[in-house]
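Novice: Quick one: the structure is below, and I'll ask about it shortly.
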Amino acid sequence: MCVGVPDNMSFEDSMAVSAEAFEKTSSIERSVASNGMESKEGGNQMKVSKEVKCELVDFDSLPDYLKDNEFILRCYRCEWPLKETILSIFSIHNETLNVWTHLIGFLFFLFLTVFTAMMIPRDATVPSMQQSGQLTETNSSIVQSGVIDRLSSPLRAGELETTMPALGSWHVPELLVNCLPKRFSHAGNHTDPCVLASVKNDVTSIISPLLMQPVTRWPFFAFLCGAMFCLLTSSMCHLILCHSERMAYIMLRLDYIGITALIVTSFYPLVFYSFVCQPFYCHLYMGFITTFGVATISVSLVPEFQAADFRPVRAGLFFCMGVSGLVPIMHKSIAFHHRPEAILSAGYELLMGTFYGLGVVIYATRIPERWMPGRFDIVGHSHQLFHVFVIAGAYTHYLAGLVYLKWRDIEGC
Ligand SMILES: [Zn+2]
């Protein structure tokens with residue numbers, strides 16, 4: 001007896017059954033094998049389609065929401081997976097320099113912020129606008145009580161910096177030497193009491209303001225934070241906007257908020273330090289620009305305002321917000337025309353406006369790529385130049401901010 005063969009089955013029958021079973025088994029195996037091959041092929045197809053997805057494409061292949069500049073013809077990323085989109089920061093495409101210009105700008109302003117916090121005199125305590133007058137009175141009493149007499153030698157003057165290290169970076173001794181009246185140097189060996197009394201009065205008037213506590217720094221740091229936020233969100237926007245339509249929507253809103261933050265916070269040092277002694281104008285201008293900024297952000301975020309019809313309204317809001325800075329700048333230049341700091345800072349602000357203005361003109365006219373479409377796809381197109389001008393403008397404003405700090409630290413109100 002053969003094991004496994006039913007007793008009532010002949011050998012031929014059992015052979016036939018075995019052949020049928022073999023056939024079935026083989027067919028199942030073939031089917032499994034072919035399925036495996038199919039699934040492998042399917043995987044390869046997926047891989048291929050993924051690789052195809054991560055290829056750079058031309059302008060004509062883009063969905064409408066990614067079509068922005070028809071003069072940049074090639075090297076677009078389009079709806080890549082998020083990981084590949086983020087990693088594309090290290091590869092070459094037409095957004096590479098847009099990402100890196102503002103990322104480097106962000107790192108530069110981060111360095112400036114740390115430098116400012118560490119190297120520029122800090123505000124030990126924050127004198128309010130009302131306190132400033134009291135401080136001046138206090139300083140006068142300090143001067144009259146003989147403190148200034150103690151500063152009559154260079155060593156004593158050095159003590160000023162020791163006791164008030166916040167003033168150290170403004171080079172107090174050099175400032176004093178430069179500011180001393182000429183007759184002091186011509187006094188020679190004369191001990192004319194009139195000359196000495198006069199010199200004492202002059203020195204008193206020079207040193208008195210130096211005893212002011214440094215003015216508060218928050219408007220300056222608000223500007224630095226606004227600049228860093230704008231540069232970082234812009235860089236992120238350029239990197240991952242192409243991932244999906246939803247991502248593009250979110251990142252463009254974030255970009256609007258960043259631009260608004262830079263414009264609004266740029267007003268803060270200008271308005272605060274110019275009108276620190278005139279609370280009415282200080283509050284008026286700061287309240288105005290803050291309200292304007294909040295309104296602009298709201299308009300940018302509300303879906304109803306995203307329609308193409310509102311595009312001019314949105315652009316107009318940003319434009320008006322920037323241009324409205326002319327009002328406090330002109331006010332300051334007229335009210336403090338006798339102060340070199342006011343004129344110098346206005347000069348920096350004029351330069352800043354020139355940089356921003358040039359950047360916007362280049363951005364809007366799409367120069368130079370409109371002259372040679374496709375020639376500036378990777379390097380040199382208008383948006384990259386616009387980014388460079390934005391950083392130059394923000395840095396000029398930083399320099400103006402340093403002038404304001406020095407002015408108000410030394411003069412107070
Ligand atoms: Zn940009």
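Yeah, the Cβs are placed from backbone N, Cα and C, and that goes for glycine too.
Whatever TrEMBL says is automated annotation, not expert-curated.
Fair warning: this is a prediction, and the values are worked out from it, not measured in the lab.
Annotated Zn(2+) binding site per TrEMBL: His238, His383, His387, in sequence order. According to TrEMBL, the feature transmembrane segment maps to 99-120, 218-242, 254-272, 284-303, 315-336, 342-364, 385-405.
Thinking about packing and proximity, how do these listed features fit into the structure?
Specialist: Taking Cβ-Cβ distances under 8 Å and a sequence separation of 6 or more, the neighbours of His383 (Zn(2+) binding site) in its chain are Asn69, Asn98, Tyr363. His383 (Zn(2+) binding site) falls within a helical segment according to DSSP.
Remote same-chain partners of the transmembrane segment (99-120), defined as residues 6 or more beyond its termini with a Cβ less than 8 Å from a stretch Cβ, comprise 89, 169, 217, 220-221, 224-225, 227-228, 231-232, 234-235, 238-239, 384, 387-388, 390-391, 394-395, 398, 402, 405.
Note on the transmembrane segment (218-242): residues 66, 76-80, 82, 85-86, 88-89, 95, 98-100, 102-103, 105-106, 109-110, 112-113, 116-117, 126, 248, 251-252, 254-255, 257-259, 261-262, 264-266, 268-269, 271-273, 387, 390-391, 394, 397-398, 401, 404-405 of its chain, located 6 or more positions outside it, place their CB under 8 angstroms from a CB of the stretch.
Same-chain residues lying 6+ beyond the ends of the transmembrane segment (254-272) with a Cβ under 8 Å from its Cβ atoms: 219-220, 222-223, 225-227, 229-234, 236-237, 281-282, 285-286, 289-290, 292-293, 296-297, 300-301, 314, 318, 321-322, 325, 328-329, 332, 345, 349, 394, 397, 400-401, 404.
Residues 253, 256-257, 260-261, 263-264, 267-268, 271-272, 275, 310, 313-314, 317-318, 320-321, 324-325, 327-328 of the same chain, all 6+ positions outside the transmembrane segment (284-303), place their C-beta atoms under 8 angstroms from a C-beta of that stretch.
Beyond its flanks by at least six residues, the transmembrane segment (315-336) meets 259-260, 263-264, 266-267, 270-271, 274-275, 281, 285, 288-289, 292-293, 295-296, 299, 342-343, 345-346, 349, 353, 356 of its own chain at Cβ-Cβ distances under 8 Å.
Within the same chain, residues 98, 101-102, 105, 108-109, 112, 120-121, 214-215, 217, 220, 223-224, 227, 231, 234, 262, 266, 269-270, 273-274, 341, 344-345, 348-349, 351-353, 355-356, 358-360, 362-363 sit at least 6 positions outside the transmembrane segment (385-405) and bring their C-beta atoms closer than 8 Å to a C-beta of that stretch.
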Novice: Quick check: which same-chain residues outside His238, His383, His387 lie with their CB within 8 A of the centre of the Zn(2+) site CB atoms?
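Specialist: Other same-chain residues near the Zn(2+) site: Glu95, Leu97, Asn98, Val99, Thr101, His102, Ser234, Gln384, Phe386.
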Novice: Using all protein chains in view, find how many other C-beta atoms are within 10 Å of the C-beta of His238 (Zn(2+) binding site).
Specialist: 24
Novice: Just counting, how many other CB atoms are there within 10 A of the CB of His387 (Zn(2+) binding site)?
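Specialist: Within a 10 Å radius of the Cβ of His387 (Zn(2+) binding site) lie 24 other Cβ atoms.
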